[in-house]
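Enquirer: Under the heading active site, proton acceptor, TrEMBL lists His167. Under the heading divalent metal cation binding site, TrEMBL lists Asp202, His204, Asp291. The compositional bias 'Acidic residues' annotation in TrEMBL covers 425-435. What TrEMBL records for 436-453 is compositional bias 'Basic and acidic residues'. Positions annotated as compositional bias 'Gly residues' by TrEMBL: 456-467. Here TrEMBL flags 54-344 as domain 'Histone deacetylase'. Look at TrEMBL and you will find 425-478 tagged as region 'Disordered'.
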Amino acid sequence: MTLTDYPTFSESPFFFDRRSASIPEQEDGLPHSTPRVAYYHPKNVGNYHYGERHPMRPHRMELTNQLVLGYKLHEKMTMHAPRKATEQELLEFHDSDYVDFLKRVTPKNAQNLTKDWTKFNVGDDCPIFYDLFSFCQQYAGASLAAARKLSSDSADIAINWSGGLHHAKKGEASGFCYVNDIVLGILELLRYQPRVLYIDIDIHHGDGVQEAFYLSNRVLTVSFHKYSADFFPGTGNLSEIGSDLGKYFSLNVPLQDGIDDESYISLFKSVMEPTITTFRPSSIVLQCGADSLGCDRLGTFNLSIAAHGECVRFIKSFNLPLLVLGGGGYRQSSVARCWAYETGVCLGLNLPNDLPETNYTEFFGPDYQLHPPLTGKIQNLNTRQSLERIRMTIREKLRYLGGAPSVQMQEIPNDLMGFLASEEKDENELMEEEPETRKEGKLKNGDLLEREVNGLGNGESLGGLPLGGMRRKTSVRI
């Protein structure tokens, strides 16, 4: 059997050269092209604590901020300490009973509210800790403020590393996430902009954001993530493409363990370039979860900081309003290095490899470098052929978009959720949206990927029904 050697991974103008991975090139610094960058860091957001044994450490935001200040990046952008999101702002997406629970629950009264634990999915992954609601308000408030900054054309790029908590659902916590600041930020952007593109490079599938906009053709979600039956959240296969008006507006790039810089960047660019030119977004939201870096405590990829930042650099090159958010990342020193580096990327600066002196310098030993050598690499289970099949499948799905959807803009109502309320479906529509019944957990990981890559390629399951049906009831129509 002869395999066609497609040019995407070897001759494309988007090819990523590993030889320049550790020393990124200086961008052209023409005065008129200098981006206006706004940086949001909620006061004391790094002081919250999930628990002694919990992998999520908000303190990583403080480490990141110290590196940003140490590199003197604050002199190149506007710095903001945003206010907390109000309860009413959280209710633009989240259910009132869930927000009320987050507002009331504390470590002291948690035992009296155990009947709500299952309902709202709190427990080991999403523990109740001191000032939980305040934490949610802070990172959500920063994402909302950053979105408003972009909508008012006061900045070209807005950064909130404390945000990006993409797993939170409309009425429950999930995957260390309580309030979905990304959805709130996108809803804010949609007040003024017809189309928003959401990109997720966290190692975990951006399920909460996909779910929220599963019925919408004004938000296109694209997630690059590890996909297997036993890896959280277990969603994000190629066949999850959206439903109703949102059909073909959800794209997923399912990957296996050990993907390296060259493969990831080549695939990322060959997917995102046609996606952006086809969808023609008014703005972009980029979730930069750092658990896709090599040596992460929970992740299993082999990405370097330079490769992760190359994704940011590429998306920035389209010169669209860009909201940059954090996300996962469970080795604090790696997360801080990555996000400080990507702050420099947003500013078009080439940061020195020697880290500046900060109050937390010892966290970055023994090398004290911005780009430390990657050790303990995991075997790459992504073959050239499997990645090319994924790329071809994604490109085929883009053909169904038929260009960017037109949107009739109108006066912004006070009640945005009323504006986004779902239309009543007739009986036939409801029959067509029967929940999909396939039990993915019964399949082996290799079988899952093989069935998705070599399947129908039209967004349907083997039974003919669109996948993702179990999540539609929490989506919003826009």
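Here the Cβ of each residue, glycine as well, is placed from N, Cα and C on the backbone.
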Enquirer: Just to be sure I understand the packing, how many Cβ atoms besides its own are within 10 Å of the Cβ of His204 (divalent metal cation binding site)?
Expert: 27
Enquirer: Whole-number Å only: compute the distance from the Cα of His204 (divalent metal cation binding site) to the Cα of His167 (active site, proton acceptor).
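Expert: Spelling it out, the Cα of His204 (divalent metal cation binding site) and the Cα of His167 (active site, proton acceptor) are 9 Å apart.
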Enquirer: Rounded to a whole number, how many Å is the Cα of Asp202 (divalent metal cation binding site) away from the Cα of the residue listed as 'active site, proton acceptor'?
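Expert: Computed Cα spacing between Asp202 (divalent metal cation binding site) and the residue listed as 'active site, proton acceptor' is 11 Å.
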Enquirer: I'd like to know the mean pLDDT over the domain 'Histone deacetylase' (54-344).
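Expert: Looking only at the domain 'Histone deacetylase' (54-344), pLDDT averages out to 97.
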